[in-house]
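Structure record follows, encoded as structure tokens.
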Amino acid sequence: MTKRSPDKTKAWGTKSEHLLRIQEHDFTMRPGFGGPAVSVGVDVQVESLDAISEVDMDFTMTLYLRHYWKDARLAFKSNNNLSMTFDGRLVKKIWVPDMFFVHSKRSFTHDTTTDNVMLRVYPDGKVLYSLRVTVTSMCSMDLSRFPLDTQTCSLEIESYAYTDDDLMLYWKKGNRSLNTDEKISLSQFLIQDFHTTTKLAFYSSTGWYNRLYINFTLRRHVFFFLLQTYFPATLMVMLSWVSFWIDRRAVPARVPLGITTVLTMSTIITGVNASMPRVSYIKAVDIYLWVSFVFVFLSVIEYAAVNYLSTLQERKERALRERMPCTCGLVHPGTMSASYSEVDANTTGNYGSMPRNGVKRERMLVQLMENDQVTGHVSSGTYSSAAIDTHAIDKYSRVMFPGSYILFNFIYWSIYS
């Protein structure tokens, strides 16, 4: 009988496993089991920071995660002292650190075109294990200063099974263990800082674990929100002030203007809150928008007050006319050229705009002469006078509303800038 020739397609796996003596050791146990903790150094190359979500309060990062440790069981003889590099198929047959991302929501190892995993073994048993991972992790954001805020997020790496008695996790080169791509950028944020830290995490049921932190600080670009939120809100407030210069008798002009600005402010507030998480505290943008909304709302109330006081004053003058014996009872030291009969009774408050020598008067001095009912003669000097100014509220509003809003803006930007 002829001897079957060996399958040469399996020679690579057979030779590598034979060289590393994979079958001679139990790789379900960590290196140096029963002795000191195995030291596992870590370094990270951040490839991209893909997304930051305020609604979900998380971020997505793609990185190269590299582990360094020594396993004497993988030592091999080499005449040229060169390392051997393998793909992910050998990883399943040896011991590797069981790293996981604390507070991660989703994560996966890239597999295009093959699994993005690399294993490099040196003759003295040192091992480099590298993989390309995308992870979505939680980031607890404080949005009290939104959109003028700065956020600090962390990606946390930890061993799942081995406590610090069995595995000592550390940054291989300290803060230089974290490298970032210079092209990393975000549309809404400026990346201010990347740095690493190490802490111990305690679990009551299992013990203490080494935990590595990748910390990065993000400062939000405010220009987008200035264009989309702050400028429109400010313009709506300024538009509401236009009504102070419109004749108080022009009801069809002033009322729709006030209602339009109020509804527009409501739309702006709704649009901002629709893209934000439902937090239980007030954000900086909420303060600005709601104060602006109050200014717009008060401008509507201001006209209601002007209209009401004008109507009230008209009723008082009508009562005065009815009490006078004739129109000649209304006199002025300078001979007023118009009588009450010339006032349009259907127009609210035009009593204060009687012409005198072609010029409108905002003040009218009403002198009421009381008649002596007993003698039938006019008494010698009993007069009552009333100063009427129906434009006073509009005049004060033209100064107080802009002044108050400018003061508010000064305080607001001083605090949050």
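Even glycines carry a Cβ here, placed using N, Cα and C.
All annotation found in TrEMBL is predicted automatically rather than curated by experts.
According to TrEMBL, the protein has these features:
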{"type": "DOMAIN", "residues": "22-221", "note": "domain 'Neurotransmitter-gated ion-channel ligand-binding'"}
{"type": "DOMAIN", "residues": "229-357", "note": "domain 'Neurotransmitter-gated ion-channel transmembrane'"}
{"type": "TRANSMEM", "residues": "222-245", "note": "transmembrane segment"}
{"type": "TRANSMEM", "residues": "257-275", "note": "transmembrane segment"}
{"type": "TRANSMEM", "residues": "287-309", "note": "transmembrane segment"}
{"type": "TRANSMEM", "residues": "399-416", "note": "transmembrane segment"}
Residues of the parent chain within Cβ reach of the transmembrane segment (399-416), under 8 Å, 6 or more residues beyond its termini: 145, 148, 234, 237, 241, 244, 284, 287-288, 291-292, 295, 298-299, 302
Beyond the flanks of the transmembrane segment (287-309) by 6 or more, those residues with Cβ under 8 Å of it: 229-230, 233-234, 236-237, 240-241, 243-244, 248, 251, 254-255, 258-259, 261-262, 265-266, 268-269, 272, 348-349, 390, 393-394, 397, 401, 404-405, 408, 412
Distant-in-sequence neighbours of the transmembrane segment (222-245), which means Cβ under 8 A and at least six residues beyond its ends: 147-148, 188, 253-254, 257-258, 261, 264-265, 268, 272, 285, 288-289, 292, 295-296, 299-300, 302-303, 394, 397-398, 401-402, 405, 409
Overall pLDDT for the domain 'Neurotransmitter-gated ion-channel ligand-binding' (22-221), taken as the rounded mean: 92
